[in-house]
């Protein structure tokens, strides 16, 4: 089939462009403003689309500047603006190379000019539709606010304006990112359902804090002097003299971070006090927090169903509007603006196409060509355009009716993601060799299931060799550096050669493209080539006796064991669950990064420059924060703050980390860490758990249904074989 065509389009190119925007919206399942119906606006939209990576680079540069600029609290000379790093009184920093304030201002001006220019370009091609989207107005307003604040900082540099600039950068990137906006809406819907559980949790902790203050007021649990005399590990934190301290420690107890330390003073004095803490933990930890997770999971599952339903409805509505534009009608009947905000106010299921309305071949091919201008749809080659039309044109009348056109998204998605695999290279280049009896026998051996079974047996033997080779290291013995190759290294070279032979045979038989299409084969190839390369380097390099190279060899050889995971059916379920989580997990990780960015900025604003070795030793030498040498966990700069926030997500010792900031400020600093725990751990991480459960249940049910179908098929074939007459 020829890859070129020459036909006269039957409709205006402007209508083709407008219809293609609706098809792209349908492909993405979203509603967004369209350019104004003018050729100039269409050209500006094309330029804006081409600047996609420039906008992304400017946004990354704006965010990255917060990590490499001089923090706002630093006021020293340009040579050491935050103090002498070797001095104990200097706040502990992460150690990244920092730009000077002048360099940072130049970078920020360039990034903001690029982003403002893109916003102006977007408003130029959207025109009246620009202000109809609140996110467009919000992004432009934040960019202007960041530019004005930067100008004020340059004119009158003060601490407040420089600190505000960090927030504005994050706000510009967050509001501009569609993934963050979508995830924020999902979290808002979850919060609307779980706020009553969170309220109940707060009331529950407050009630038990009130009871604990009354019960243990006269006991060692509420006595500071007792802890000062007897507690050498945690001083001044695990007691309940006031309802505020009791509430804090009981809240930490729900996270199990201070268990059993919190009740040991009272338990040591009266064994019956365990009843109070047991009731609190059992009902709060085992019931309330699990109810919270259940509500989040139920809300998330129902939202996923509603989102899919709304996405399908949006897709159908957009395709209906595109169809109305593409059918042959007089131009006088075509509206001048087909913006989503000006479209007919009707439901997608109330629409009916005109009788005998259809899209001709020329129009369809022009539509396919126009879709190549958008990044959400993969490029369609000209030689595939007619093939796509023939797939859609089920009745073969050279026209697309509405039922046929409604399948365009599904056909495009399937046709552009499942590409036909090319023939093996040997079949193309040396067909005589490919069809020879010897190569046919080799192909039969390589494609037989027993070939993979033999490779699995080889993997098990290799695993035993790796264990024997690594046993001295695993027992803590020092690694002996040998100038000559040991027996284990000779054996490993044999295994490497066998794996390399397997790779070559599969590539020869299946072809390079078919081999690389499998994720399992990709993993095998990367590990095999890496191990062979390191083996060759270790054999011929002059640095073969280096300790680092020996460790790299041991680690890369252990990677081979992961191939066994793909050979076990149950393990594949977990791998497929992980793959299903990637789309949603990507959005959650992006939102979590934005969440951590803002808390790191807030932490640097509140606690920046307060944590230093000398101040900790002077103010609170007996604090667990000081004794554990947690000084590098601080908010003196953005990088250190993000590391600390990541540690807080793990929950373990989070109360000890908070204690260091309480020492240098006041007890009200605890609210910062409580807020982060509620937002980051209680909401976001539970949302990750809910999505994991949803993905695993879906994958497990699909696997179970598949196995049931296969078992039923086998049983039916066996039954039919028994019932056959002799």
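Quick reminder: no glycine exception, Cβ is built from N, Cα and C everywhere.
Per TrEMBL, the features are as follows:
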type	residues	note
COMPBIAS	707-720	compositional bias 'Polar residues'
DOMAIN	388-415	domain 'EF-hand'
REGION	707-726	region 'Disordered'
TRANSMEM	106-125	transmembrane segment
TRANSMEM	137-158	transmembrane segment
TRANSMEM	197-216	transmembrane segment
TRANSMEM	237-254	transmembrane segment
TRANSMEM	274-300	transmembrane segment
TRANSMEM	587-607	transmembrane segment
TRANSMEM	638-656	transmembrane segment
TRANSMEM	668-689	transmembrane segment
Counting Cβ pairs under 8 Å that sit 6 or more residues apart, are there three or more between the transmembrane segment (587-607) and the transmembrane segment (668-689)?
yes
Could you name the stretch, out of 137-158, 237-254, 638-656, with the greatest number of CB pairs under 8 A to the transmembrane segment (106-125)?
137-158
The domain 'EF-hand' (388-415) - residue tally per DSSP class, helix then strand then coil:
17 helix, 2 strand, 9 coil
Go through 137-158, 197-216, 638-656 and flag the stretch with the largest number of C-beta pairs under 8 Å relative to the transmembrane segment (274-300).
197-216
Against which stretches of its own chain does the domain 'EF-hand' (388-415) lie, if we need a Cβ under 8 Å and a gap of at least six residues from its ends?
23, 26-27, 315-316, 319-320, 322-323, 326, 353, 357-361, 364-365, 368, 377, 380
